[in-house]
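**Q** Following this message is one structure expressed as structure tokens.
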Amino acid sequence: MMNQTTGYVEIAAIYNDSIILGNGSMGILIIPKPMNTAINILTLIILFITMISLGCTMEISKIKAHLLKPKGVAIALLAQFCVMPLTAFSLTKILRMDPIKAVTVLICGCCPGGSLSNIFSLLVKGDMNLSIVMTTCSSIAALVLMPLLLYIFSQGFTGLKDAVPYVGIITALVFTLLPCAIGIFINHYKPNYSATVTNVGLSILIISSIIVSVLSGLAVKDVIWMILMPDVLAVTALMPLIGFIMGYIMSVICRLSPQCSRTISMETGCQNIQLCTTILKVAFSPQSIGPLFLFPLLYITFQCAEALLLALCFKCYQRVTAPHGDPNKWENVDAIKEEVKQ
């Protein structure tokens, strides 16, 4: 690590100077050790289950098919690791965010695509194979690109050069690839178990998420206002929206099909929130990150709301433009175009 301890001290000092607890005295966020340990373990469980469930939806043959024609995947990777990090960096500079907020936003912006993008791609009748392959490829590429991008962009902030926990981030990224590989293995060799693993995982995921939310709420109840400030709210609202729009524009410019363009739009705007939460909670100490480890939860709220709004707009557009009210017109047209290309 690049003098990480020194970096933590610098960030903690900034945090101490900016936080005021409910009683009006200066101080830092103190989470009881058992509660902090419980939140960390449950956060890791959530990430593990999410990635193994994602792996269970992947088919090796479909992954190979897209890798043999990598145009869509390449454009999606470019959008994911150029648009989102640049957006995060630009917003933090425009809003003049302090270093502790900046590193939180940058980590979120440099994360790979999340599993929710697969659901939103389905809602906008996107290319599901491309969506799943893109999520896989971005998770693998993040192992190199995420630390590299964080190193580059952190140079623009005082106190962040040595404060980004690169070892913790790489460890978290490896931790995402292992369960994903297990899921792919299950789906390939034991496909009958894929649905069961996913359903059981979903139940555990829901329970763990509820417990983490409750414990986190109790831990930061006195300083929750720190993640509800105007600059943080502005970032969480603008980042996913810019990602959705720019992902679509880049795809159209590169002359991809409407189906692929909608898919890349969803993939670009949707970050891996589980990974971001794990990094912020596990790789940083409570004294350095404070209540901002809840930033991804605020981000995902706006991300889901905006993606659902875009999906609704697409459905309305589809109904208005389809002849005789046939809502499947564009889906059929897209499918025909893909067949012609092949």
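Any Cβ shown, glycine's included, is placed from N, Cα and C.
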**Q** Out of 12-31, 292-311, which range is noted as transmembrane segment by TrEMBL?
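**A** Going through 12-31, 292-311 one by one, TrEMBL flags 12-31 as transmembrane segment.
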**Q** For the transmembrane segment (232-253), give me same-chain residues lying six or more residues beyond its boundaries with a C-beta closer than 8 angstroms to one of its C-beta atoms, as numbers and ranges.
**A** 75-76, 78-79, 83-84, 87-88, 91-92, 95, 97, 101, 105, 108-109, 226, 260-262, 264-271, 292, 295, 298-299, 301-303, 306-307, 310
**Q** Of the listed stretches (38-60, 72-91, 103-124), which one yields the highest count of Cβ-Cβ distances below 8 Å with the transmembrane segment (164-186)?
**A** 38-60
**Q** Report, as numbers and ranges, which residues of the same chain sit near the transmembrane segment (103-124): CB under 8 Å and 6 or more residues beyond its ends.
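**A** For the transmembrane segment (103-124), the far contacts come to 11, 50-51, 53-54, 57, 76, 80-81, 84-85, 87-89, 91-92, 97, 130-132, 134-135, 138-139, 141-142, 145-146, 149-150, 153-154, 157, 160, 163-164, 169, 235, 239, 262-263, 265-276, 279-280, 289, 292-293, 295-296, 299-300, 303-304, 307-308, 310-311, 314.
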